[in-house]
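Annotated in Swiss-Prot:
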| type | residues | note |
| --- | --- | --- |
| TRANSMEM | 8-28 | transmembrane segment |
| TRANSMEM | 35-55 | transmembrane segment |
| TRANSMEM | 74-94 | transmembrane segment |
| TRANSMEM | 98-118 | transmembrane segment |
| TRANSMEM | 132-152 | transmembrane segment |
| TRANSMEM | 162-182 | transmembrane segment |
| TRANSMEM | 208-228 | transmembrane segment |
| TRANSMEM | 233-253 | transmembrane segment |
| TRANSMEM | 264-284 | transmembrane segment |
Amino acid sequence: MIKQYLQVTKPGIIFGNLISVIGGFLLASKGDIDYPLFLSTLLGVSLVVASGCVFNNYIDRDIDKIMERTKNRVLVKGLIDPKVSLIYASVLGIAGMLLLYVAANALAMMLAVIGFVIYVGVYSLYMKRKSVYGTLIGSLSGAAPPVIGYCAVTGQFDTGALILLLIFSLWQMPHSYAIAIFRFKDYQAANIPVLPVIKGISVTKNHITLYILAFMVATLMLTLSGYAGYKYLVVAAAVSVWWLGMALRGYKATNDSVWARKLFVFSIIAITSLSVMMSVDFNVHSSAVLLTYAG
């Protein structure tokens with residue numbers, strides 16, 4: 001039973017988000033790490049992400065049973081009562097948000113709430129099923145964790161937080177489109193209006209290329225604005241150029257599914273590399289404050 005309650009939270013997604021939280025937190029810490037705050041932030045974000053994933057599993061029960069990769073999920077197979085899953089998700093979410101408020105600050109909690117509402121309320125309940133722009137909306141919630149980590153330290157939404165939001169939002173797009181290409185038949189069968197299904201794979205390749213170019217610019221801004229060092233810059237430039245090269249090779253790909261899967265795998269390598277580098281190669285910087293909270 002414990003295994004099922006763990007599976008429904010999508011541990012892989014939680015782990016991936018924690019890597020970005022660590023990157024944002026350590027970038028803002030600049031070597032002066034508050035370990036109790038660090039652990040509390042990781043736990044708080046984990047609980048909120050887990051809550052969102054459980055709600056998503058509940059909402060998507062009808063389409064999950066159609067898709068090959070999701071047909072064996074816990075709620076689809078009836079291993080957990082749907083009503084119980086709602087209570088479970090609510091408890092996880094409330095606990096995570098309260099922890100962020102108490103241990104970090106109101107801004108970190110507010111960002112978690114915004115990310116949660118976008119993912120569950122806007123994306124999962126409506127945009128995913130109704131609009132080709134669902135991926136774009138979902139990318140905002142996917143970019144929330146590193147910004148939460150950053151703001152848990154600073155207590156303010158400054159230029160650094162905005163750049164992180166841009167980097168991770170832009171990264172989400174080619175990452176998600178790659179999944180939509182190699183899982184094309186699943187999305188088509190479930191009638192989910194992702195870009196490859198609605199506009200075609202050729203158009204999606206153009207979008208992937210443009211988003212990677214924008215991602216490249218955003219990653220460099222972290223150094224150019226004085227938040228990260230030149231070692232980070234070298235790694236950011238290298239992974240961005242390599243990722244762009246992979247995207248361009250897609251125009252000559254004989255098997256779009258194989259190409260998209262490789263692009264997807266490298267997207268994970270790319271964002272993990274950036275998260276690690278911003279954690280260790282930071283600059284002390286006088287930030288431009290965009291939003292702050294005192295209380």
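Keep in mind that glycine also has a Cβ here, set from the backbone N, Cα and C atoms.
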Which residues of the chain, 6 or more past the ends of the transmembrane segment (233-253), have a CB below 8 A from one of its CBs?
174, 205, 208-209, 212-213, 215-216, 219-220, 222-223, 259-260, 262-263, 266-267, 269-270, 273-274, 277
Per Cβ pairs under 8 Å, the stretch of 8-28, 35-55, 98-118, 208-228 packing most closely against the transmembrane segment (264-284)
8-28
Under 8 Å between C-beta atoms and at least six residues away from its ends: which parts of the chain pack against the transmembrane segment (132-152)?
17-18, 20-25, 27-28, 37, 41, 45, 49, 52, 100, 104-105, 107-108, 111-112, 114-116, 118-119, 122-123, 160-161, 164-173, 176-177, 180, 192-195, 198-199, 275
